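Here the structure comes first, spelled out in structure tokens, and everything after it is commentary.
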Amino acid sequence: MKKPLFERLQAAPVDQPASSVDASDYYYRITFLLGLKPPKEGLARWIYFLWSATVMWLGIVYLPLGLTLTYVLHFDSSLQVDINCIGNVVKSLVTFSQMWRLRRMNELIAPLDARCDTPSQRQILHNVVARVNLIVFIFVSMYLGFGFLNVFTSVLYFVVSIATMQELISDAYPIVFVSLFRGHLAVLKNRIENLRQDPELSEEENYRQLVACIQDHRTIVESAQVIRPILSVTIFAQFMLVGIDLGLAAISILYFPSTIWTIMANVSFILAVCLESFPCCMLCEHLIDDCAHVSDALFHSNWIMNWSVNMVLFELINPAPLTEKVQSRQGNIYLYRAMWLIGWIPPKEGVLRYVYLFWTCVPFAFGVFYLPVGFIISYVCINVYGASVKSTITYLFLWRLRKTEMLLDALDKRLDGDSDHQKIHNMVARCNYAFLIYSFIYCGYAGSTFLSYALSGRPPCLWIQAIVEYITMSFAVLQDQLSDTYPLMFTIQFRAHMDILKDHVRNLRMDPERSEADNYQDLVNCVMDHKMILRCCDMIRPMISRTIFVQFALIGSVLGLTLVNVFFFSNFWKGVASLLFVITILLQTFPFCYTCNLLIDDAQELANTIFQSNWVAKFAFSIITIVRQMNLAEQFQ
């Protein structure tokens, strides 16, 4: 069967191997005709060089020089064509001197063809090959159409065609190779979406697929780096010419005497000039979108899901799998890390304990003593005084948090079933996530105060003072955050154990296979768990009552003074810092009060659950039986 005349214009069957070089087949044929692709050796190489010199002389020297002299001496040529020929000289010389970059890019991108191992990926590349060759074919038709129309106005059709085709190779290669980049990015996106989708592959094989995707992306980026210098020069020259050529072509049509053939030549010239820039710019925009789609595919791939579970820095903001043992105290990990950073949790023994105690004195000296003394009466000063009191109370009663954690450990031993463990896992993630949000907001306030100072036009010599004050402010803000977050953390933990207790009470006497002794022991365990939760509340109540009393005493005056400062005395940046301060003030009380109300509702629901449990139903049945046996009803008659 004979091959079709324009074989490359049709997508090859998917059973054939994909080849990126085929996408530039028509393009390299044109470069061969124009003397830009000589044979590697032999006599034909020297004969071909003679042809290359002839073509370069006619298209780059003779035609631009002749058009320029004709226009200058006789005013008898198209000025826009003359200017475009001069620009063609620059683009053709750059393209001819940098042809090695195109061949190098083909060598770099060729190994990616072997990675197309599925029919869908090969189909993507086959479609790209057919589309690129079709675009080159359309370009040839348009450019030669312009040269053909000049047959009726000039006897130099052969020379004009040579110059036109030289301009074609300078304008078409960006479209050819950018389209290749888009095709391989589409293949890479498809491969990323299929990562870890085959359950029969081992982790080692999945890892090799991920590494191969990374290598392919690096290859595409390296190929883009190779072609960027030649592309930037030619497209710069094109943008310099396109505006001038379009304007002069329109002027030539509208204001100078023209025949129908010269008008058609100018219209074809305008179309050719638009084809020189518009398709390349449009493909570059699509290439940017393709890069974004690859990033989205990577973000939604199974590798990202697996990686997010194994994150180290923010691992605890996501619920751990049920196969992992989690305790209630892990809900305070971020809280205790901040306490350790601020100097509140010293080592138990050794020389490091005394070094750490010295560090403990530094944040206390700056945050609890120096900063309140350094402020004059203001709304910030009032809050700083309150923060000093709260920080001191929290530090002195840290032993109560440790005791409460020991009681929570005892409650963790009563967990039964995946449902109980899932509630603890969710609680741990919720506590650490809440503390992380608090950290961002509180540190954001401290950072905004520094930015408001730095952006207020102060001289750089005062920035050292601003940095020292920012560090001092950070000590106080972190201490205030610890005093405001621990009540919320432990209240969330109490609610989780109250929810578990409700489930245990709801399940009393629900298993018909358990004996009465086992059911009675379940009831005793529920009573003991409830007493344990009450002990936790009693242990932490003196600590919370003191800090929340100080907070309620401060919040009204601080909010009022902040609003007065925002409305009457602040510029923009200070207003932003003050509004962030208002948010932190609200965060000091609202979440904890809201959680306490939910805890009260949980206690009420627990009472309702006990009333509706099977133990209460059995107790009521026993009372009725006793009344009947005593004949109390007859004795009252």
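All residue numbers here begin at 1 and follow the chain in the order shown.
Every residue, even glycine, has its Cβ placed from backbone N, Cα and C.
Remote same-chain residues near the transmembrane segment (46-65) are listed as 34-36, 38-39, 82, 85-86, 88-89, 92-93, 96, 156, 159-160, 162-163, 165-166 (criterion: CB distance under 8 Å, separation of at least six residues from the stretch ends). According to TrEMBL, the feature transmembrane segment maps to 46-65 (among others).
If you look up TrEMBL, you'll see 132-160 (among others) marked as transmembrane segment.
When Cβ-Cβ distances below 8 Å are used as the criterion, the transmembrane segment (230-254) is approached by residues 78-80, 83-84, 87, 90-91, 94-95, 98, 101-102, 170-171, 174, 262-263, 266-267, 269-270, 273, 276-277, 280 of the same chain, each at least six residues removed from its ends. Per TrEMBL, transmembrane segment is recorded for 230-254 (among others).
Positions annotated as transmembrane segment by TrEMBL: 260-278 (among others).
Under the heading transmembrane segment, TrEMBL lists 351-370 (among others). Here the transmembrane segment (351-370) has long-range neighbours at 342-344, 387-388, 391-392, 395, 471-472, 475-476, 478-479, meaning same-chain residues at least 6 beyond its ends whose C-beta is under 8 angstroms from one of its own.
Taken from TrEMBL, the feature transmembrane segment applies to 376-398 (among others).
For 433-456 (among others), the entry in TrEMBL reads transmembrane segment.
Away from its own ends, the transmembrane segment (548-570) comes close to residues 378-379, 382-383, 386, 389-390, 393, 484, 487, 578-579, 581-582, 585, 588-589, 592 of its chain (Cβ-Cβ under 8 Å, at least six residues beyond either end). The annotation transmembrane segment is assigned in TrEMBL to 548-570 (among others).
Same-chain residues lying 6+ beyond the ends of the transmembrane segment (576-600) with a Cβ under 8 Å from its Cβ atoms: 380, 383, 434, 438, 441-442, 444-445, 448-449, 451-452, 480, 484, 487-488, 491-492, 494-495, 498, 548, 551-552, 555, 558-559, 562-563, 565-566, 570. The transmembrane segment annotation in TrEMBL covers 576-600 (among others).
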